[in-house]
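Database features (Swiss-Prot):
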{"type": "TRANSMEM", "residues": "9-29", "note": "transmembrane segment"}
{"type": "TRANSMEM", "residues": "46-66", "note": "transmembrane segment"}
{"type": "TRANSMEM", "residues": "99-119", "note": "transmembrane segment"}
{"type": "TRANSMEM", "residues": "137-157", "note": "transmembrane segment"}
{"type": "TRANSMEM", "residues": "165-185", "note": "transmembrane segment"}
{"type": "TRANSMEM", "residues": "213-233", "note": "transmembrane segment"}
{"type": "TRANSMEM", "residues": "247-267", "note": "transmembrane segment"}
{"type": "TRANSMEM", "residues": "285-305", "note": "transmembrane segment"}
{"type": "TRANSMEM", "residues": "337-357", "note": "transmembrane segment"}
{"type": "TRANSMEM", "residues": "363-383", "note": "transmembrane segment"}
{"type": "TRANSMEM", "residues": "396-416", "note": "transmembrane segment"}
{"type": "TRANSMEM", "residues": "419-439", "note": "transmembrane segment"}
């Protein structure tokens, strides 16, 4: 590898540390504390401490290092990852009988993310600010207001973008991980026998000694791997190799050292279970550590917020959510977006969660069920891709599937015990999002079917207009067309009421493919239907934003002369009324909310 390539890899790896690992990197704030908090009847005694440490270590190895970094990240769609991407890959070569099942599983996984995203910022920030109570117990009543204040500021700056502060994420998170390592190593040196927990025999002894209780305790152990989906979801931003390098060189060693450092502290002083993370530090370092922890949790929250923006955009592009306003906060980076309605719904939800649960330990009961549910679904979809798309041998896929579920299912089952103590929250939010996505997709499908069944066929209508032409006016008219073989409703409406047509008519259809990017060579397909009618189909990936100037440029390059200032745009607001369904008034063609429509709104004529 050349020197320049090494420098580029180092830079991207550092950036990945700042974005990808924020959630899983702040888990040491609360994981071991929740494992030994007494909620499972397990005290901070040596067998339990070493057992939990062994479980945490081997979960990091098996789930993160093996499952996600070694297997799941192989499944990319032009370099992109994430649960909806995995769903698209799984359905490409699946049998028609299984395709609807795989789509439902993918949508459930995406819905789980919406459920968990409300908890992550609240849990992370509260865990950091709770360090105040160690410095001055009298400050304990201010933890909730301060947590709300920090998150209010974070959500308020979203509309301005995070390009400037984003440059600080990597050095702050690198400092955070180095601090984790130093604090943990300092404690391990004082009590090195804690390293015995690297032996998986301690995990087996833990199950043997605590039996049924140990199973439910897995619900707390799983807190160590929350955020693991970010490794796969952010693959398109940073690439596989930088994410893997960051994990094995920086993140994994730092996490292991810190967890084992907390364990060494607890072996010497079980009373430190009140907050083992902050008690690792000397008293003089508590305030700097509190500030650093707060910054790290804010960065972790930012990564989650950006993730939900990206997932929402992908769902909108793929037709699973209504078109909504998406603001690009950076002219250079297309991935930096802001969705106002999602931002403020998420903010209100997070504030309600903080004020309702009041302490991170209470919130921990709601944490993990959506993460483990997504892990199970990821395993199913990945094995489907391996079998149907990569044609791995059946015996190999079956063995891998059994191995993955042997880890994922117990973790998910252990978290089901949290349903009545807070786990209902992410499940309820996920159920709402799943209902919205499936209802929207279903109604959109029915609208397309109605348009095909009852709309005027394109070719006969054009032939009739050419044979008996109405009055023509100078210029070009672009009619947005949802269905390529049907005359747009806006054109019929214009012809009926105005009795005229422009001298050139372009029927434009925007098509979103299930890939992140479409090559420019395939961007525009032009077909001349008659001397005055053209059909243009513009294809985009779900990560791209339709651009009318670009479409016109491609049309000009292929011989169809188009000038923006001499063109009028017509759109129809179509809706399907479902009288017996709760979302009866849903409008399925909110053109004004689409990015392309926003760019041409000043020259458009909404009709119908």
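Placement of Cβ uses the backbone N, Cα and C atoms for every residue, glycine included.
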The transmembrane segment (213-233) in contact with the transmembrane segment (337-357), cutoff 8 A, at least 3 CB pairs, sep 6+: no
Best-contacting stretch, by C-beta pairs under 8 Å, relative to the transmembrane segment (99-119) and drawn from 285-305, 363-383, 396-416: 363-383
For the transmembrane segment (419-439), sequence-distant contacts whose Cβ falls under 8 Å of one of its Cβ atoms, 6 or more beyond its ends: 104, 107-108, 110-112, 114-116, 118-119, 315, 320-321, 349, 353, 357, 362-363, 365-370, 581-583, 586
Same-chain residues near the transmembrane segment (9-29), Cβ under 8 Å, at least 6 residues beyond its ends: 1, 64, 120, 124, 127-128, 166, 169-174, 176-177, 180, 223-228, 230-231, 234, 237-239, 241-243, 245-247, 249-251, 254-255, 258-259, 262, 277, 293, 296-297, 299-304, 306
Tertiary contacts of the transmembrane segment (247-267), as residues 6+ beyond its ends and Cβ separation under 8 Å: 13, 17, 21, 24-25, 27-28, 31-32, 36, 44, 46, 49-50, 52-53, 56-57, 60, 64-65, 69, 174, 177-178, 180-181, 183-188, 190-195, 197, 224, 231, 273, 276-277, 279-280
Non-local residues, at least 6 beyond the ends, that sit with Cβ under 8 Å of the transmembrane segment (363-383): 30, 34, 63, 67, 71-72, 75, 83, 86-87, 89-90, 102, 105-106, 108-109, 112-113, 115-116, 119, 122-123, 126, 219-220, 222-223, 225-229, 232, 353, 357, 397, 400-401, 404-405, 408-409, 411-412, 414-416, 418-419, 421-427, 430
For the transmembrane segment (137-157), sequence-distant contacts whose Cβ falls under 8 Å of one of its Cβ atoms, 6 or more beyond its ends: 121-122, 125-126, 129-130, 165, 294, 298, 301-302, 305, 343-344, 346-347, 350-351, 354-355, 358-359
